[in-house]
Amino acid sequence: MSTIDSPAIGTATINAVSVDCPAKTNLTLHVGPSHAEWGGRHELDTIYCAVGVYDTVTATRKAPGSGFSLNLEGAYLGDLASSGSDMRRNHAVLALFAMAEASSHEPDVALNIDKRIPVGAGMAGGSADAAATILALNTLWDLDWPIERLQEVAATLGADMPFCLTGGYARGTGFGERIEQLDDDGDIVRDLTERGFTGHLLVGAYRAELRTPEVYATFDQIGAGDGDENHLQKAAVSLHPRSGQAIEEALRAGASQAFVSGSGPSVIAFVPTEDAADAVQRAWQDSRCVDRIIATNAPARPIVHITA
């Protein structure tokens with residue numbers, strides 16, 4: 001569940017809300033057949049885990065009738081920085097319009113996104129931005145909607161978005177949008193913890209991006225790898241071989257688990273000790289199999305700040 005951090009504001013109008021929303025990975029990702037009634041999307045059974053790499057979305061109230069605006073900042077914007085990028089297709093903007101329609105508000109809001117989550121990386125950066133926008137507007141517009149209602153809006157936008165509203169651990173079914181929150185002390189999470197899927201981790205990130213439809217199309221052709229908990233890993237590695245090298249290097253250096261995150265190409269390496277973390281980082285640097293290394297922890301959850 002998200003955390004709200006705010007000063008005492010009484011009945012004053014809220015003018016700006018910032019949300020730090022974490023990335024996600026899939027500790028397991030089992031892919032079933034595609035369904036025409038889902039627009040060709042595949043049936044999924046997955047364990048989501050929120051990872052402590054955060055995008056920050058700030059939603060600021062604008063004058064009535066002035067419309068929306070979008071500003072992106074960050075050192076690793078990828079294709080989002082392209083002059084040809086259509087801001088109306090940005091996930092946060094889509095979330096703004098979906099919330100405006102659902103709540104009968106005008107979308108007179110300035111959105112600023114400070115991106116730290118790798119773009120096109122299988123870590124739901126766009127979904128995190130949409131979820132952050134939904135959480136911010138729930139506070140900015142004083143809706144006070146329960147998380148279940150927010151998830152209904154999020155589910156119309158994409159599979160990962162309902163999970164990104166809460167973070168932590170969850171099981172996703174359907175095409176990923178049906179969320180069952182998992183207790184940190186429950187049997188499923190306890191089993192994953194015993195297998196090394198928790199705690200400190202390293203993210204191996206890349207300048208290259210993978211498009212999710214391309215990865216699924218490749219999966220449809222070649223299927224899943226034997227024993228892969230992520231059924232998309234074989235397809236992602238076939239399209240981006242450096243991810244496979246990063247997995248091998250991490251496991252050889254002492255990672256408890258290493259795998260492609262979602263549809264890739266980012267690689268997650270859980271490291272049980274500080275020595276293992278140092279060894280994996282050195283292995284990745286020496287082999288140049290990743291472009292950027294991010295050290296963090298899991299699980300993580302969104303944080304809402306009332307800023308003005």
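Just so you know, the numbers here start at 1 and follow the chain as drawn.
Each residue, glycine too, has its Cβ placed from N, Cα and C.
As the structure is a computational prediction, the values presented were derived from the model and not from experiment.
Going by Swiss-Prot, these are the annotated features:
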- Lys24: active site (ACT_SITE)
- Asp160: active site (ACT_SITE)
- Pro118, Val119, Gly120, Ala121, Gly122, Met123, Ala124, Gly125, Gly126, Ser127, Ala128: ATP binding site (BINDING)
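Here the features listed in Swiss-Prot are painted onto the structure.
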residue: Lys24; record: active site; Cβ within 10 Å: 31
residue: Pro118; record: ATP binding site; Cβ within 10 Å: 25
residue: Gly120; record: ATP binding site; Cβ within 10 Å: 21
residue: Gly122; record: ATP binding site; Cβ within 10 Å: 29
residue: Ala124; record: ATP binding site; Cβ within 10 Å: 31
residue: Gly126; record: ATP binding site; Cβ within 10 Å: 26
residue: Ala128; record: ATP binding site; Cβ within 10 Å: 35
residue: Asp160; record: active site; Cβ within 10 Å: 27
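Note: the CA-CA distance between Gly122 (ATP binding site) and Asp160 (active site) rounds to 10 Å. A straight line from the CA of Gly126 (ATP binding site) to the CA of Lys24 (active site) spans 11 Å. According to its DSSP assignment, Lys24 (active site) is in a strand. Note: the Cα of Lys24 (active site) and the Cα of Ala128 (ATP binding site) are spaced 8 Å from each other. Other than the site residues Pro118, Val119, Gly120, Ala121, Gly122, Met123, Ala124, Gly125, Gly126, Ser127, Ala128, same-chain residues with C-beta atoms no more than 8 angstroms from the centre of those residues' C-beta atoms, the ATP site, are Ala23, Ile117.
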